[in-house]
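According to TrEMBL, the features are:
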- 52, 54, 56, 58, 63: Ca(2+) binding site (BINDING)
- 39-65: domain 'EF-hand' (DOMAIN)
């Protein structure tokens with residue numbers, strides 16, 4: 001499964017564009033723009049699993065890139 005199976009590619013792109021400026025990241029706004037605020041807890045867990053490549057329980061900056 002990939003991230004785009006859960007979230008719209010255009011919503012992901014919009015959320016990333018919104019936080020490009022230094023110090024502009026707002027988790028609440030990012031969740032809203034990306035569509036994550038409308039997902040179930042199981043869908044959010046799957047998104048986390050996809051992003052946590054090393055299965056450390058954390059999403060590091062390198063994994064987000």
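Each Cβ is built from the backbone N, Cα and C atoms, and glycine gets one as well.
DSSP states for the domain 'EF-hand' (39-65), grouped as helix (H, G, I), strand (E, B) and coil, give 15 helix, 0 strand, 12 coil.
Annotated Ca(2+) site 52, 54, 56, 58, 63; additional same-chain residues within 8 Å of its Cβ mean position, judged by their own Cβ, are 51, 53, 55, 57, 59, 60. On the 0 to 100 pLDDT scale, the domain 'EF-hand' (39-65) averages 93 in the predicted structure.
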